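*Asks:* Found this in TrEMBL, in case it helps:
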COMPBIAS  16-29  compositional bias 'Low complexity'
DOMAIN    179-456  domain 'ABC transporter'
REGION    1-66  region 'Disordered'
REGION    813-837  region 'Disordered'
TRANSMEM  552-573  transmembrane segment
TRANSMEM  588-611  transmembrane segment
TRANSMEM  623-642  transmembrane segment
TRANSMEM  648-665  transmembrane segment
TRANSMEM  698-717  transmembrane segment
TRANSMEM  781-804  transmembrane segment
Amino acid sequence: MDPPGPGIQIQLGTLSGSRRSMGSSYGSRRSGGTGSISHSFRQPAGADDPFGRAASQQGHDDDEENLRWAALEKLPTYDRMRRAVLLNHAGAGAGGADGDELQGLVDIEQLASGEAGRALLERVFQDDSERFLRRLRDRVDRVGIDLPAIEVRYQGLSVEVDAFVGTSALPTLWNSATNFLQSLVGRLASSNKKTINILRNVDGILKPSRMTLLLGPPSSGKSTLMRALTGKLDKTLKVSGSITYCGHTFEEFYPERTSAYVSQYDLHNAEMTVRETLDFSRRCLGIGARYDMLAELAAREREAGIKPDPEIDAYMKATAVQGQETNIVTDLTLKVLGLDICADMPIGDEMIRGISGGQKKRVTTGEMLTGPARALFMDEISTGLDSSSTFEIVKYIRQLVHVMNETVMISLLQPPPETYNLFDDIILLSEGYIVYHGPRDNILEFFEAAGFRCPERKGVADFLQEVTSKKDQQQYWYLEQQQYRHVSVPEFAQRFKSFHVGQQMVKELQIPFDKSKTHPAALTTNKYGQSSWESIKTVLSREQLLMKRNSFIYIFKVTQLIILGLMAMTVFLRTKMPYGHISDGGKFFGALTFSLITVLFNGFAELQLTIKMLPTFYKQRDFLFFPPWTFALVTIILRIPVSLMESAVWVVLTYYVMGFAPAPARFFRQLLAFFGTHQMAMALFRFLGAVLKSMVVANTFGMFVILLIFIFGGFVIPRGDIRPWWIWAYWSSPMMYSQNAISVNEFLSSRWANKNTEASIDASTVGEAILKSKGLFTGEWGFWVSMGAILGFTILFNILYILALTHLSPPSGSNTVSDQENENETNTSTPMGTNDEATNRATQTQITLPFQPLALSFNHVNYYVDMPAEMREQGFAESRLQLLSDISGAFRPGVLTALVGVSGAGKTTLMDVLAGRKTSGSIEGSITLSGYPKKQETFARISGYCEQTDIHSPNVTVYESILYSAWLRLSSDVDEKTRKLFVEEVMTLVELDVLRNAMVGLPGVDGLSTEQRKRLTIAVELVANPSIIFMDEPTSGLDARAAAIVMRALIYSSLLTSFCL
């Protein structure tokens, strides 16, 4: 979907003309008579509004506008689509080669990407998104064009997976071996795998012009349902049932591009800015059929004699420009998502300072909003956002749905009442069943018919999350004359089928969708949004930018080569390297081999670089941003100059100092050999990274491959000493050919041409004798044969790298679950109605370990960072940027303090400053502990900090994670028994005791869910028995039930000095 609107995505019943985009390739046909963009928005003297007109000139300007519009109408369609009429009050824009009739016409390509485009956006948007969308829709309605609409149906949809359960789920060496063997003989013997039902025979219809809210407790199947409806389910899952878009199955179109799925996980390139990230996604997703729509729209207006609003016409034409590095579409997306204030800041990650978590979530949403998809599926887009920002974003999406006829499903965890009331339909999902799917106005009626009523002061969304829970349900029973009886989720689902809303849906599903009514532009049949050449250019510009931002890596690699080169030069110094005799060849052979190993190992860094980019690449590949081979090809091409430079640095430093053959031809041939070897090494490690995907496994296996290559490379064991059954490994080793190339180049030079006096070696010259004794080639042809082999290995590894990126799936879960997790997860939370009792029990629990209560106070705290280069380029003259301004306050023991503020207000920054976690910038003011100045060396031992990002070791269990933290952070005076008792106490407090043997896993891949990870993060800090604890958005990403568990832990921790945000 495209924020400019779906107005810009309007498709026609009959598309006229060939499908052409207004890309930069049209520049060669640009008319010299096109008016200046800056002049088009130049402010006239004495005017306050750069778009305003003096009243005395109104009539004259209208006549001038009509004349220019008439001139524009005379142009061919192709040229007419590349120009717009925007009055020039400064008198610029003289006629050019095309004649005076083109005066004042604005070049759309420049308008779309320049400052004038942003000025135009401000003018047409005017902070009123609904009015803006109405203006777009009105233009279309005036000529009777129907908007494309998508109806999504799913019938009998079931998703299940076979997973290991119990102790077999733990990835121990024994379990890995036994599970693998059982998989092989699964047909002959029983398996420990258990079938887990994720979705159970669900039905529903998502209609255009209606916005649907998807609610449900954690692990209810919300993300699975969304992924199923967008065609992004993992191939290991078993799927049954049907999913259709306007009656068409997935085989008839590309659901990845017809719909857009916004994941709950934020995967971005940390080095790129917000604007650069959105620009890249916009270029990749393309413009859809906007150009065709606009051409047809203009043709109908011309036939009807309708003159459109010049500003709306210019805006719509600007959004139909293909392939620009930046565009007005990106500016609109930034504006509606509130990202314009951080547009030029890097996104950042755990290691790079960047935008806040809420802003990062909005970037994830904005990536999909820049595209032309007409159906949106948005998974937990409010995580990390304040209620005001969530409301504004959902409000804009609602306007988009109602005005532009889009289809949208949004999953939210804790929507406030004002946000909940924006939705038209509600889907309540629990334990894989659809409990309700229909209009929002009827959902309370459904539950009241079942005996449950939402209290007056209770949010409806929170009520819906809890009413299906076994422990939370009873408090909502309102039929006092009848005894309460637990209503299970399957029973609720069965009741819905007999409810009038459910019966109406069944009737609608029984009537097949009429495919003939499908709008021709509703479904996307093109796999990618741009041509292969445009994809290469787009990916190339992105990768060049990332290489520039990661320049430290390449500078460090060159510096490493220089240091090693200086060391090697002192070891193999020319004055100590005699030549001409067989006995002299050993040192030269050793120097050549050392150089070869250094160059080979220098390519090892490609392994880490490849694995680092894989998560973002997989997301963009699966969303059809670009063909995988374009990314691989660009990576290969961009590494060539880097490889040549690093090889040249080594050869230039060492060649003549070590005393190799002085002939220039020999110098350049050695450079060619090292360059080829370096290319081969980089290709090999890129391939290993793409296949192994895990940093630990890739590093281990990568070193093993290097060891094999080195052993069979011809230096450790000469060819003549290798056993016959291993000789194939010798010929398969790339290092062997590199060794031959550099050795032949050196030892067949003229200075090794002395007559051989060693009778045991059949060779005419000393050089040939040395080569023969090492089992190497003895002719000049050996160099070129070896270079051909190295080139062949490079091509082979690069082809395998491309195939791996194209066909291999992202790292997926191990299909293992814990029995306790599966059976007890839905019943472990505390009932909302008994929170007070639970809290009292928690606060009355005996604290196993004592602590020292401390008060934290801070006075006139200011925090500055260096002014970012991007802001300096925009004209900011200050050398420092102030992030915190004169902050004062105090936190006392036994008091739970909440720090509130909108996303990006500086909450995390303040906490980082107080906790001493800022390692850059300048901090002013005083911070004291119980009256004493804070010393970071000791403060870290008495404080805890729960970050927004839940970072844990993935290959350990919940209990092991907490116990490990206790071992490292509790005082050595605490004995083992007391330590374990305290661990059990904390686990019970945050209700992780039933998940003690569950694997932590990787976010979005396997292991714990989001809310379970958040509870683990809190437990890891609480078990350190801190006197002061900081918690950064501890309830972010949690539903109401999980948030209640966390808040109970916070109330417990308020016995300490607790600081929560």
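Each position is counted from 1, following the chain as shown.
Any Cβ shown, glycine's included, is placed from N, Cα and C.
Curation plays no part in TrEMBL annotations; they are all automatic predictions.
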*Asks:* Assess whether the transmembrane segment (698-717) lies in contact with the transmembrane segment (588-611), where contact requires at least three Cβ pairs under 8 Å among residues 6 or more apart in sequence.
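*Replies:* Output yes: the transmembrane segment (698-717) sits against the transmembrane segment (588-611).
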*Asks:* State the non-local partners of the transmembrane segment (552-573) in its own chain: residues 6+ outside its ends, Cβ under 8 Å from one of its Cβ atoms.
*Replies:* 587, 590-591, 594-595, 598, 602, 605, 609, 642, 645-646, 649-650, 653-654, 657-659
*Asks:* Is the transmembrane segment (648-665) packed against any residues at least 6 beyond its ends, judged by a Cβ distance under 8 Å, and which are they?
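*Replies:* That would be 558, 561-562, 565-566, 568-569, 572-574, 577, 579, 588, 591, 595, 598-599, 671, 674-675, 745-746, 749-751.
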*Asks:* Give, as a single whole number between 0 and 100, the mean pLDDT over the domain 'ABC transporter' (179-456).
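*Replies:* So the average pLDDT across the domain 'ABC transporter' (179-456) works out to 88.
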